[in-house]
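Enquirer: So TrEMBL lists the following for this protein:
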| type | residues | note |
| --- | --- | --- |
| REGION | 1-29 | region 'Disordered' |
| REGION | 152-176 | region 'Disordered' |
| COMPBIAS | 155-167 | compositional bias 'Basic and acidic residues' |
| REGION | 209-310 | region 'Disordered' |
| COMPBIAS | 217-229 | compositional bias 'Polar residues' |
| COMPBIAS | 230-243 | compositional bias 'Basic residues' |
| COMPBIAS | 287-310 | compositional bias 'Basic residues' |
């Protein structure tokens with residue numbers, strides 16, 4: 001029991017030590033070669049690995065790959081930042097690394113100092129620092145790659161155009177269906193109104209047959225075009241007959257009264273017709289002129305005839 005507790009304690013201690021220490025692959029390989037690694041066990045390091053700042057080794061490596069070239073071939077400039085125009089301070093000790101604006105501003109001022117140092121030296125060495133107007137730089141990507149990019153962009157544009165056309169077609173179909181539904185609803189409404197008018201006429205509630213004329217004109221209008229496009233016609237035959245019989249509206253009372261001009265106009269006056277002295281007609285003292293044919297009997301005679309029929 002104590003051994004199990006000790007083993008658990010060693011496991012927990014080794015786990016905490018392994019969490020605190022960062023093991024590299026080489027150290028694990030060395031521990032496996034020595035036999036310190038076993039299945040289900042962690043390697044317990046006696047001490048933390050030391051982090052070394054090997055300045056001599058770094059300088060040796062630098063001397064090995066350093067090449068003694070001219071400055072124009074290296075173009076390296078190591079300088080501090082220029083003085084701040086506001087505070088006139090060139091030190092970087094007061095720059096807060098957590099402040100993004102101050103950090104980026106220090107980078108900008110350091111680059112500005114390098115430019116102010118390098119440009120005079122390049123001009124002294126007669127190295128051009130401006131690109132000519134007719135200078136064509138070689139592209140970073142080949143023509144084949146740019147052709148692929150161009151084809152890709154073209155395919156994307158065509159896909160967008162097809163999508164836009166499809167959207168327009170869907171909108172047109174939707175609008176066409178809407179118009180079709182409206183036409184069907186209007187036809188159903190007209191049919192319903194006509195059926196109602198026919199029922200009223202059959203029941204004797206209405207004596208008008210205008211709905212037949214409306215139906216005829218509407219059917220003709222559907223054949224020729226919409227109601228807004230077909231030209232407007234005059235009144236129908238029934239309306240023309242009533243206009244001829246009763247007039248065209250306007251003043252009715254006193255329309256048959258004489259005026260001064262009509263009273264003085266006697267051009268159409270015929271004495272024989274006015275005094276019943278025409279041919280074949282006899283006056284009061286005449287000798288048996290012909291009686292008017294189809295003379296309507298009086299009221300009493302008509303009443304007697306009606307009673308006889310009963």
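Each residue, glycine too, has its Cβ placed from N, Cα and C.
What you see is a predicted model, and the numbers here were worked out from it, not measured in a lab.
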Enquirer: Which residues of the same chain, at least 6 past either end of the compositional bias 'Basic and acidic residues' (155-167), have a Cβ under 8 Å from a Cβ in it?
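Expert: For the compositional bias 'Basic and acidic residues' (155-167), the far contacts come to none.
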Enquirer: Helix, strand, coil residue numbers for the region 'Disordered' (152-176) per DSSP?
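Expert: Secondary-structure composition of the region 'Disordered' (152-176): 25 helix, 0 strand, 0 coil.
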